[in-house]
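Undergrad: Among the features that TrEMBL reports, transmembrane segment is placed at B:12-45, B:82-104, B:110-131, B:171-194, B:214-236, B:243-261, B:273-293.
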Amino acid sequence: MKRLLFSVLAFGLLLTSAQAQTAVQPEQAYAENIQIGLSTDRITITTDFSGADLTIFGALNDVDPQFARQNRYDVVVVLEGPARPVVVRRKDRVLGMWINTQSETFVNVPISYSVATTRPLQDIAQPATYQRLSLGADYMYLQPRDRDALPITIEEFTAALRERKETTGLYSERIGGVQFLSPNLFRATLELAPNVPLGTHRARAFLFKQGLFVRETSAYLAIQKSGLEQSIYRAAHDYSLLYGIFAVALAIVTGWLGRLIFSRD
Amino acid sequence: MNIYLPIAEMSVNGLVVLLMGGAVGFLSGLFGVGGGFLITPLLIFYNIPPAIAVATGANQVIASSMSGALAHFRRRTLDFKLGFVLLVGGIFGSSIGIVVFSWLRSLGQLDLFISLLYVAFLGTVGGLMLVESVNTLRKQRSGAPASLKRAGQHHWVHRLPLKMRFRASKLFVSVIPVLVLGAGIGFLAAIMGVGGGFIMVPALIYLLKVPTNVVIGTSLFQIIFTAAFTTIVHAATNQTVDVVLALLLMLGGVAGAQYGARAGQKLRGEQLRLLLALLVVAVALRLAFDLFVQPADIYSLGPLGEF
């Protein structure tokens, strides 16, 4: 009886101490904040562009010094390209030939998706957290156009899409790409693939504290072609007929000049 | 030397593309064909998206045909009237071809269709040429006089109505087969990104009995226009013509063609035909191989087809 009382007492004590802890926490709580800065808000791609590294600097405000010392803050930085609908097609053997048969359309697929992290993603937080945040190539939500498609089919095509994007270098992940320069300052190095899409990219930084998501911030970055490439691209899309006529004229002139320069008969 | 292609949206090695154009130009100068049937598959092997390879291939064909046709014009081996009738058919054919092209693209079957057409046509034409040139060479070796002349023969093509006289070709023939031939080649030009010279030349020689010396000039002449029309329509409807890529190919091609033409003068006609046949068959086999062998990745991504 005495023993039981003791254990109840102990339990009560434990409870109060737990309560005390939660009660105390708001005082000690740190309102961590994350900020990132881009040195430029536009990047211009020239004819000789063959991929590049993009460095983003960021700062954490109001961090718990003890946590920071123990490296228990994690940062994930993502550069997300413009989203487009994408059709994923699968080839199957028909009459001995490999032919596109099944396909699945996804409504909003980022053309590029480059990630830099302090540690491997699976070590930072739970998959469920990433899924909720739609963060990381493996966890982001890709909305299929056909809502009645079987989940297993969607899964198969989503995986294939990721795989294709990774082999073409458009989706990349750099573990250790985020480095802390001081407890408050970090530097993220992201990969810009040679075939990085043009348009408005969104840089997003996520702060995790001991596996829990704390805060997110974002900035925009425009990637454009340099003068000539941009004009050609725009002309091809805005004045497509004139562009076609120009292409033909160019070919005729080249052919004619070639004849003039080389003809010896 | 990396060069960014604004339409294909990718970097390529400029030197490789120049050499590619040069090699194809050399062969086209050697054999008197536009070279489109080589450039498009080459671009596809080099990872250029097929839709862009086709449209840009058509663009570069204009340049090589132009410089070839000019040479024939100077030698008066060009039948403008025949070329014009072929052209009327050609414009009609390539209009249909472009509609079919964007429809197939939206279905995701464009690559398959392009490959199948290439395998079928290159295989057939290459195979026939191979047999013909080997037979000629064998006959020559056994001492028999080589003869391709069958001028006296008439077959069903010559019994059709609506006859027209083509003076430069010394022909009096119905316009129907000429228009149909032009349309067929226009259709192929639009879908395959070729001028169609490798089909046009044998068809004019064997079906319409046009004298061989007039055939190449006339075929090149009409290809300029068919390819120009194809290029403009592809640019307007699919936005798939990459002028930077086309210019690189043209520069290489025009230079290569001159050396090819000079090399061609050192070879005999049958030998040239045999070599061309081997080349055509090799391209066909390579494409067939891709069609029948399991691809490294059975999945592919594409933009949402807008039709």
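Glycine is no exception: its Cβ is also placed from the backbone N, Cα and C atoms.
TrEMBL annotations: computationally assigned, not manually curated.
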Undergrad: With contact taken as 3 or more Cβ pairs under 8 angstroms (pairs 6 or more apart in sequence), are the transmembrane segment (B:214-236) and the transmembrane segment (B:273-293) in contact?
TA: no
Undergrad: Looking only at residues six or more beyond either end of the transmembrane segment (B:243-261), which have a C-beta under 8 A from one in the stretch?
TA: 3-8, 12, 14, 17-31, 35, 39, 43, 48, 52, 56, 59-60, 63-64, 67-68, 71
Undergrad: Would the transmembrane segment (B:82-104) count as touching the transmembrane segment (B:171-194), if touching means at least three Cβ pairs under 8 Å and pairs must be 6 or more apart in sequence?
TA: yes
Undergrad: If we skip the immediate neighbours and take only residues 6+ beyond the ends of the transmembrane segment (B:110-131), which ones have a Cβ under 8 Å from one of its Cβ atoms?
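TA: Same-chain contacts beyond the ends: 37, 40-41, 50-51, 54, 101, 104, 188, 191-192, 198-199, 202, 273-274, 276-281, 283-285, 287-288, 290-291.
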Undergrad: Hey, which bits of the same chain come close to the transmembrane segment (B:171-194), Cβ under 8 Å, at least six residues off its ends?
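TA: Same-chain contacts beyond the flanks: 34, 36-37, 39-40, 53-58, 61, 82, 85-98, 100-101, 104, 113-114, 117-118, 121, 157-158, 160-165, 200, 203-204, 207-210, 222-223, 226-227, 229-230, 233-234.
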